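Following: one structure in structure tokens, then a few remarks.
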Amino acid sequence: MTILPTLKSLTIAAAILASTSAFALAKDVTISVWAGGTGPNDTYRLDAIEIAAQQLQREAALKGEDLKITVEKKPYSAWEDFKQALTLAAEAKTAPNIVVSGHEDIAPWSQSGLIVPIEDYVDLDSWPLNGIYENLLKIASYNGTVYGIPQDAESRPMFFWKPYMKAIGYSDADLDALPQNVQDGKYTMKNLLEDAKKMQDRGLVQPGYGFYPRTSNGPDYWQFYTSFGGTMEEGGKLVFDKAAMTRTYQFFADAVKSGVTKKNHIGMPGDQWWKEVATGKAGIWDGGTWHYARLVNQEGLTDFFGNVIFTLIPAGEGGKANTLTHPLVYLLTAGHDKEETDIAAQLITIASEPRINALHAVKSAHLGISEAESEVDFYSADRWTREATERLLPHANAMPNNSDFGTYWNIMWKNLEASWTGAKTVDAAIGDAESELKSTLGDKIVIR
Amino acid sequence: MKSSRTLGLVMIAPAAVMIVLFFLMPVVLTAVFSMTNMTTATGISGGVYQIAPNSLITLKSAMPEIAAEMAEPRYTIDEAGLKAVEGLGLAPAIAAELRAKHAGEVFATRRDVERMIKDLTERPSTREVKQISEQFNRSVLNTRFDSKEQLFSSLDGLGFKLTPEQKETVAKTTYTGWTWTTDNFSRMASSPDMARVLFNTVLYVALVLMLFNVGYALLLAIWTHYMPPTRASIFRGIWLLPRITPVVIYVMLWKWLAWDSGFISILMGRFGYPPKNYLLDTAYNAWFFVVLINGFIGASMGMLVFSSAMKAIPKSQFYASEVDGASRWQQIRYIILPQMRWPILFVTCYQTLSLLASFNEILLATNGGPGNATEVWALSAYHTALRNYAGNLEYGLGAAMALVLVVIGVVLSLLYLRVFNYGTLVAKPLIED
């Protein structure tokens with residue numbers, strides 16, 4: 001045996017060893033992310049994670065790690081399908097790593113163990129997470145633990161078609177003062193119904209188009225309950241304020257009775273509704289800040305500010321002007337390898353950086369999540385995000401994170417729809433809601 | 001003969017396995033789920049024990065002092081924790097500095113203790129900070145325990161002096177999973193909405209069945225019976241179209257016909273009527289369309305069964321009646337209808353059961369609206385258990401509702417078998433083994 005073959009085999013052995021150590025450093029990770037309620041303007045909910053992955057890969061490379069992250073994205077346009085798919089997938093242990101959903105899901109999903117607290121993985125004291133608005137972070141928490149990172153903020157204003165408001169007697173100065181008058185409680189729900197009626201009586205809009213609210217169930221309807229003095233939760237317990245809920249149901253029943261809202265409004269095709277509000281077929285309607293993006297990008301309402309004025313939801317009897325913020329949150333699901341979840345958490349952190357989040361805010365007309373974001377020129381130069389943030393966000397409340405809120409919501413909605421369409425009288429609907437809440441939630445809800 | 005019996009059993013085995021897996025098991029599972037309070041919040045696979053601020057609200061009324069004590073989160077820099085940190089395999093300076101500067105300190109929240117850890121000279125990474133802080137956690141708050149024993153031993157370890165009864169109360173209020181209950185059935189019995197949904201279901205089945213699946217199907221069969229064969233085949237073929245069209249497309253066509261921007265609105269617009277959503281305009285309209293949509297699909301099956309049954313009536317009976325001068329009506333009255341008893345019973349039976357369980361056409365057309373006016377039992381069970389905006393899926397209640405349908409179906413089947421006189425239909429052959 002000469003020295004050469006020995007050297008050769010030693011070299012080969014070294015090469016093999018070296019290659020295995022290289023393999024040991026190389027890491028291939030697939031992070032899947034699903035987002036609900038995601039239309040063509042909301043793609044950065046998913047894309048931001050992809051951008052974050054590129055950043056994390058670069059950071060890993062500098063530390064000498066060969067990290068390769070593949071991001072699998074799945075948008076769901078509707079909420080019902082998304083929540084059904086996600087809960088069933090999670091029960092079957094095939095949930096994605098990251099979920100973008102409404103904050104109200106945190107309570108039931110954390111209780112059933114579908115999600116894990118994000119504060120177990122991230123440092124909330126470092127940038128960019130330490131810059132997120134404190135109230136948004138609170139909305140993303142449950143039981144004193146931060147479960148999610150707010151992905152966006154929004155609010156749900158009332159919109160008025162300016163030309164019709166002028167036609168029924170509002171001057172430019174009146175219209176400029178309208179947001180403040182609504183905020184001060186000088187312009188109320190009663191005025192809103194009167195104006196809607198005037199628009200119809202003058203033939204500006206067709207019957208049923210004076211007040212043209214959301215066509216399906218949604219968080220918007222809780223704003224009306226707040227408008228009429230209702231409280232959703234107090235001291236950790238849900239609250240069903242019978243008087244406030246009666247006034248809320250009655251408001252929609254009255255709108256139908258006076259002919260400013262259609263009896264068959266709920267369940268109408270969404271596309272038709274969008275087209276109608278974008279073309280001035282409707283007089284007054286409610287919606288989300290994100291409606292701006294759709295009206296301008298998809299529905300062709302190019303001169304938005306020339307045609308539309310937006311305010312808080314006016315006060316009703318016994319309540320105050322308000323709006324509701326319904327942040328979507330990035331959540332980490334349970335059942336994954338700890339290291340994978342750790343990477344997912346880092347991606348969420350990077351995706352929350354002001355510049356990246358501003359892409360989503362501006363494209364989708366949602367509101368920013370941090371003070372720093374409003375200082376990004378790209379964000380602050382956008383008239384809509386700037387005005388909406390200033391006018392609405394300081395007055396925003398949120399739905400409670402309570403694992404029984406979904407049950408309350410279902411019962412509230414079912415009976416609102418029934419009184420709206422005349423299937424039940426308002427009193428009967430309130431009575432049915434009360435008895436069902438009592439039998440279902442027992443002492444978990446305060447009825448007063 | 002015995003061997004042929006064994007062979008028969010072997011041959012039927014795959015089918016038997018299928019029946020057990022796909023027919024029997026779902027019913028058994030539905031029955032099991034229906035006796036639980038399973039929801040999205042409780043999960044399906046079972047729960048854990050978690051002393052969370054939320055559950056402490058309930059506990060507060062039963063044992064206020066203990067609840068208040070449990071509510072206190074505590075992070076204590078003690079020797080046990082320091083030892084544990086040493087065992088983590090991190091930089092030794094970390095534990096040393098903690099011992100030297102912070103031993104004995106107590107922090108109220110995890111964030112506080114983590115802030116202190118991050119200020120150490122040897123600043124650990126976020127992941128390490130989390131690992132270190134966990135070693136000093138001396139609170140049960142928000143920790144998830146897989147079993148009661150783990151919960152109790154943790155409570156004992158933290159010095160809570162609880163009687164066995166108190167422990168059981170704590171376990172009961174902090175359990176996050178589902179429990180056995182019969183509440184679903186009492187909820188169904190007491191809810192006015194359930195009564196309404198039940199009424200809707202009876203109305204839906206009765207209307208579609210009488211007007212279309214049997215009535216109109218019989219009419220079609222009789223019409224085509226008196227038509228020349230080719231024309232009759234074309235006619236029957238057309239009536240099969242709703243059945244073979246994909247249901248989503250079929251319902252979309254109806255929607256296009258009946259919506260504000262649809263055909264009826266455009267047509268009526270020519271006569272000066274403002275456009276409106278005819279499909280959801282009123283509860284009556286919605287019912288009208290729901291019955292039509294389902295009826296047009298369902299009529300074809302009865303038509304085929306009745307047509308073939310009529311073909312089996314000996315032609316001589318018709319010839320003889322014509323010789324006697326019988327009118328068409330008399331032929332129908334005295335020849336056809338009496339001999340259609342069994343096919344009519346069969347179609348009624350079969351279609352009742354399928355209508356009871358069908359809801360996809362209603363889901364697509366009205367989704368139970370307006371104002372739940374067309375919400376039938378099967379659709380309501382689906383909405384409850386699997387699909388709603390709030391994402392609050394009530395598996396237990398939904399299963400209980402589905403079970404009611406199963407029971408109604410079984411009872412009706414038995415009733416129909418009796419009416420059919422199933423015994424004579426499957427009478428033993430005269431040649432026996």
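Placed from the backbone N, Cα and C atoms, the Cβ positions cover glycine too.
The domain 'ABC transmembrane type-1' feature in TrEMBL is assigned to B:199-416.
Positions annotated as transmembrane segment by TrEMBL: B:7-33 (among others). Counting residues 6+ beyond its ends, the transmembrane segment (B:7-33) has Cβ neighbours under 8 Å at 395-396, 399-400, 402-403, 406 in the same chain.
The list of residues near the transmembrane segment (B:202-226) in space but at least 6 beyond its ends in sequence, with Cβ under 8 angstroms from a Cβ of it, reads 232, 235-236, 239, 287, 290-291, 294-296, 298-303, 305-307, 309-310, 328, 332, 336, 340, 344, 347-348, 351-352, 355-356, 362, 374, 376. The transmembrane segment annotation in TrEMBL covers B:202-226 (among others).
Feature annotation from TrEMBL assigns transmembrane segment to B:247-266 (among others). Listed by sequence, the residues of this chain that lie at least six past the ends of the transmembrane segment (B:247-266) yet keep a Cβ under 8 A from its Cβ atoms are 273, 275-279, 285, 289, 292-293, 297, 360-361, 364-365.
Sequence-distant neighbours of the transmembrane segment (B:286-306) (same chain, 6+ residues past either end, Cβ-Cβ under 8 Å): 203-204, 207-208, 211-214, 216-218, 220-222, 224, 236, 239-240, 242-243, 247, 250-251, 254, 258, 278-280, 340, 343-344, 346-347, 350-351, 354-355, 358, 361-362, 365-366, 369-370, 373-374. If you look up TrEMBL, you'll see B:286-306 (among others) marked as transmembrane segment.
If you look up TrEMBL, you'll see B:342-359 (among others) marked as transmembrane segment. Same-chain residues lying 6 or more positions outside the transmembrane segment (B:342-359) and placing a CB less than 8 Å from one of its CB atoms are 201, 204-205, 208-209, 213-214, 217-218, 294, 298, 301-302, 305-306, 309, 376-379, 382, 405, 408-409, 412-413, 416, 419-420.
According to TrEMBL, the transmembrane segment annotation covers B:395-417 (among others). Below 8 angstroms of C-beta separation, residues 27, 29-39, 44, 178, 181, 184-185, 187-188, 345, 348-349, 352-353, 356-357, 377-378, 380-382, 384-386 of the same chain, each at least six residues beyond the ends of the transmembrane segment (B:395-417), sit close to that stretch.
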